[in-house]
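Report on the structure given below.
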Amino acid sequence: MFEDNTFVYMIEPLELIHDEKSTGRPHIIQKTLAAQYSKQMKNLSMESRDQWPFLSELQWLKRRRKRAVNPSRGVFEEMKYLELMIVNDHKTYKKYRSSHAHTNNFAKSVVNLVDSIYKEQLNTRVVLVAVETWTEKDHIDITTNPVQMLHEFSKYRQHIKQHADAVHLISRMTFHYKRSSLSYFGGVCSRTRGVGVNEYGLPMAVAQVLSQSLAQNLGIQWEPSSRKPKCDCTESWGGCIMEETGVSHSRKFSKCSILEYRDFLQRGGGACLFNRPTKLFEPTECGNGYVEAGEECDCGLHVECYGLCCKKCSLSNGAHCSDGPCCNNTSCLFQPRGYECRDAVNACDITEYCTGDSGQCPPNLHKQDGYACNQNQGRCYNGECKTRDNQCQHVWGTKASGSDKFCYEKLNTEGTEKGNCGRDGDRWIQCSKHDVFCGFLLCTNLTRAPRIGQLQGEIIPTSFYHQGRVIDCSGAHVILDDDTDVGYVEDGTPCGPSMMCLDRKCLQIQALNMSSCPLDSKGKVCSGHGVCSNEATCICDFTWAGTDCSIRDPVRNLHPPKDEGPKALIRFSKI
């Protein structure tokens with residue numbers, strides 16, 4: 001999308017043709033008057049919006065300008081950035097006449113389409129940061145089994161040095177599977193689980209497939225037809241992106257999908273999405289919305305730029321910043337140090353405060369693994385408070401809870417389908433007494449079907465009369481698309497004093513060999529005036545400073561400055 005101060009243009013690829021007779025790449029160009037887009041959107045019928053989807057882009061720009069005046073500090077409302085790397089298999093490369101340029105253009109076209117969907121509905125930019133193409137041969141076995149490919153690609157991804165929040169493979173292999181893509185559920189930000197595999201097709205088709213597999217990485221589930229009435233999909237003709245009914249060219253997420261993404265963020269997922277990338281795959285360009293080398297600011301297209309803080313990727317005279325949660329967009333000045341810019345979403349998250357010398361909120365960090373949470377009933381792990389109660393509710397609904405300890409001690413030592421620590425071929429593995437709380441997940445008040453994943457077999461109901469009451473000790477194998485069984489206790493869940501589960505073993509937290517933060521003379525972490533983050537650095541309470549939070553440093557003013565802005569900006573403002 002680009003503009004010339006009079007019209008706004010949207011360019012969309014129809015398809016990519018690169019046979020021997022091909023002379024170009026067909027696109028459609030749509031345009032509208034920039035000054036009249038609001039009126040057009042207001043009077044546009046639903047049928048017209050389906051026919052001219054580029055006008056929805058302009059509606060998003062209008063909403064973004066409104067949000068910019070009073071930026072929200074919620075994690076869903078804050079703009080997020082998913083840094084994506086695309087890997088093309090060898091057959092995809094051959095499809096484009098062994099041309100790096102053509103293969104790269106295909107990847108850019110697909111990601112641009114995905115970005116236009118995500119930024120409008122999920123407040124998330126999908127940013128292409130790298131493309132790798134297997135020019136000589138495939139680096140993993142390309143098969144019709146996407147589950148096997150996903151596991152192999154996960155191993156390969158760990159050797160890629162390029163920074164990315166997610167790495168996705170596009171393959172010309174046709175999967176023998178119910179869907180055209182597969183990815184790890186909730187795996188974004190993880191080097192092992194932030195991956196996906198996707199079938200090749202025309203740009204619009206691959207964009208939908210990639211939208212679906214990235215959504216899985218972001219904790220968004222597939223929607224069976226039974227959920228459609230509840231999920232309130234407003235796209236009656238095209239359907240919504242995560243529907244299982246095989247709709248094509250969907251551009252909308254349903255209400256359920258949006259709520260699931262919000263819940264994923266609120267539980268502490270997606271911590272890596274809050275840093276704005278500074279290096280993109282495409283060459284530096286003023287107007288793309290990203291501050292790159294040689295730029296002081298970049299507010300995007302002309303219709304996206306609000307106020308007078310940024311002009312042609314340079315800060316206006318007297319402006320200190322142009323956008324971000326820590327930038328006063330009226331005065332173009334930094335918010336004061338100590339101004340809260342991102343709320344903690346749970347007991348394992350850390351509230352971020354402005355530093356006073358940047359328009360951007362500091363990186364989204366969380367407490368180091370092992371911190372106690374939930375009134376000492378849980379442990380922090382990857383930014384989430386892990387308890388058996390929380391996991392039972394996540395899998396089986398809000399009325400579920402973890403079973404009595406007696407259930408775990410009784411059943412998981414038996415090594416049967418009712419309780420175990422996994423399988424070895426056809427044999428159930430008995431848990432040692434030390435590991436019983438890290439085995440099969442046992443819950444009370446299970447619903448008929450799990451909230452996530454698919455039930456494998458049936459729910460295994462078990463109950464005991466114990467200490468004058470009947471206790472429920474039920475469990476089930478619940479399988480995600482990526483073959484993960486969430487019917488077992490999660491890593492990070494407490495299993496004893498100063499102990500947590502890891503790979504179905506109960507280990508001392510000290511044995512995890514995590515980097516430690518500075519201690520004071522009394523052995524207090526961060527001098528008792530801060531918390532240790534997942535980067536093993538002290539995040540000080542905002543009245544303390546120093547690498548160990550030992551220096552008192554009171555904040556005098558937590559309110560935004562009343563300065564109306566640089567005089568030069570006011571003097572030359574146009575009415």
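Every residue, even glycine, has its Cβ placed from backbone N, Cα and C.
Automatic, uncurated: that is what TrEMBL annotation is.
A quick note: this is a predicted structure, and the numbers were derived from the prediction, not measured.
DSSP classifies C361 (disulfide bond) as coil under the three-state reduction. If you look up TrEMBL, you'll see C341-C361 (among others) marked as disulfide bond.
Taking a C-beta cut-off of under 8 Å and a sequence gap of six or more, C549 (disulfide bond) has these contacts in its own chain: C526, S527, G528, H529, G530, C538, C540, D541. According to TrEMBL, the disulfide bond annotation covers C540-C549 (among others).
As annotated by TrEMBL, domain 'Peptidase M12B' applies to 80-277.
Taken from TrEMBL, the feature domain 'Disintegrin' covers 283-369. For the domain 'Disintegrin' (283-369), the DSSP counts in helix, strand and coil order read 0 helix, 16 strand, 71 coil.
For 513-550, the entry in TrEMBL reads domain 'EGF-like'. Across the domain 'EGF-like' (513-550), DSSP classifies residues as 3 helix, 11 strand, 24 coil.
For the domain 'EGF-like' (513-550), the model's average pLDDT works out to 91.
All protein chains considered, the CB of C341 (disulfide bond) has 21 other CB atoms within 10 Å. A 10 Å cutoff on Cβ-Cβ distances gives C361 (disulfide bond) a total of 25 other Cβ atoms nearby, all chains included.
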